[in-house]
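K.L.:
Take a look at this one; I'll ask things after.
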């Protein structure tokens, strides 16, 4: 059974990013607090660095200044010659890559937790970029069990053509943390408490792992992205129908072919096409209107992780 056992290097360097989007305030608020007093995020033998990723957007309480910081960590942008003509977020991405990367390099930070809010009714969500990552599947399993009975969903954004180039992707183990619903530019105590717990349990897992605890094989349910769905539009490209009331706030719930998805001003329902049940996420997300995304369709599957323990023990 040794083939089902994985030995991983201990985790040494962890960063917690807040303010990647400057109007998603829970991460901003927590990171600013931890920059003043980091007692709650420190663990023995672990370097944990809280960091505000987009300070200019945070100051203006806007998602970004020139372009979305969470979409520019690709080799092309990271490799561009530094100049004043570059968008602010591309220059900032290069700085962050220098501080916490470089991307795809053994010197990069081990884990980056990137803290986000959504206006959608997604509750506690962990975002996974690699379905074969035993350590992260084990970590997510630990966080989910620790949060129970509060649900915690795992969104798998592995896709052949949808490339994200996220801020956290410079780490060996990137972790997206998304908690909602919360309006942009607003702080809710319940949402903050949930995000704070997710970070606490994640750091507890890393500490236990580094101390030599063995985590037996496990399985988690995940929702894997299939495609993004735009709003119906008229000939001018303007939105011609809204998210149907039956779909609003129903993130993670099964959506069957024929179920109403959109509603026109004339009262006409537009149903889900296709022949398979999907699970919608980011339903009516405010930040995605400009991206022309009404919601994303996911499919539900199980990911398995092998037993893991730290190579130091």
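Each residue, glycine too, has its Cβ placed from N, Cα and C.
Nobody curates TrEMBL annotations by hand; they come from automatic prediction.
This is the feature table in TrEMBL:
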DOMAIN    11-206  domain 'Succinylglutamate desuccinylase/Aspartoacylase catalytic'
BINDING   21, 24, 116  Zn(2+) binding site
BINDING   63, 178, 288  N-acetyl-L-aspartate binding site
BINDING   70, 71, 164, 165, 166, 167, 168  substrate binding site
ACT_SITE  178  active site, proton donor/acceptor
DOMAIN    219-299  domain 'AstE/AspA barrel-sandwich hybrid'
K.L.:
Could you state the whole-number distance in Å separating the C-alpha atoms of residue 116 (Zn(2+) binding site) and residue 71 (substrate binding site)?
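P.N.:
Between the Cα atoms of residue 116 (Zn(2+) binding site) and residue 71 (substrate binding site), the distance comes to 14 Å.
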K.L.:
DSSP on the domain 'AstE/AspA barrel-sandwich hybrid' (219-299): how many residues come out helix, how many strand, how many coil?
P.N.:
3 helix, 34 strand, 44 coil
K.L.:
Rank the binding-site residues 70, 166, 167 by how many other Cβ atoms lie within 10 Å of each Cβ and give me the one with the fewest.
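P.N.:
166, out of the binding-site residues 70, 166, 167, has the fewest neighbouring Cβ atoms within 10 Å.
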K.L.:
Long-range same-chain neighbours of residue 164 (substrate binding site), Cβ under 8 Å, sequence gap at least 6?
P.N.:
70, 71, 129, 157
K.L.:
Around the Cβ of residue 168 (substrate binding site), how many other Cβ atoms lie within 10 Å? Please give the count over every shown protein chain.
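P.N.:
For residue 168 (substrate binding site), the 10 Å Cβ neighbour count is 28.
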K.L.:
Near residue 24 (Zn(2+) binding site), how many other Cβ atoms are within 10 Å of its Cβ?
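P.N.:
Here the count is 28.
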K.L.:
Including all protein chains displayed, how many Cβ atoms other than that of residue 21 (Zn(2+) binding site) lie within 10 Å of its Cβ?
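P.N.:
That number is 26.
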K.L.:
The record names 63, 178, 288 as the residues that bind N-acetyl-L-aspartate; what is their largest Cα to Cα distance in Å?
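P.N.:
Output for N-acetyl-L-aspartate binders 63, 178, 288: max Cα distance 15 Å.
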K.L.:
I need the nearest neighbour of residue 167 (substrate binding site) among the binding-site residues 21, 24, 63, 178, 288, using C-alpha distances.
P.N.:
21
K.L.:
Can you check which residues sit near residue 63 (N-acetyl-L-aspartate binding site), meaning Cβ under 8 Å from its Cβ, same chain, 6 or more apart in sequence, and list them in order?
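P.N.:
Residues satisfying the criterion: 21, 22, 23, 24, 57, 184, 287.
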K.L.:
Could you tell me the C-alpha distance between residue 168 (substrate binding site) and residue 178 (N-acetyl-L-aspartate binding site) in angstrom, no decimals?
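P.N.:
With distance taken Cα to Cα, residue 178 (N-acetyl-L-aspartate binding site) is 13 Å from residue 168 (substrate binding site).
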K.L.:
Taking 10 A as the limit, how many CB atoms besides its own sit near the CB of residue 71 (substrate binding site)?
P.N.:
17
K.L.:
To the nearest whole angstrom, what is the C-alpha distance linking residue 178 (N-acetyl-L-aspartate binding site) and residue 166 (substrate binding site)?
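P.N.:
So the Cα of residue 166 (substrate binding site) lies 13 Å away from that of residue 178 (N-acetyl-L-aspartate binding site).
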K.L.:
To see if you understand the setup: which same-chain residues, six or more apart in sequence, place their Cβ under 8 Å from that of residue 165 (substrate binding site)?
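P.N.:
In sequence order, the residues whose Cβ lies under 8 Å from that of residue 165 (substrate binding site) (at least 6 apart) are 71, 72, 73, 74, 77.
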K.L.:
Within 10 Å of the Cβ of residue 288 (N-acetyl-L-aspartate binding site), how many other Cβ atoms can you find? Include all protein chains, please.
P.N.:
19
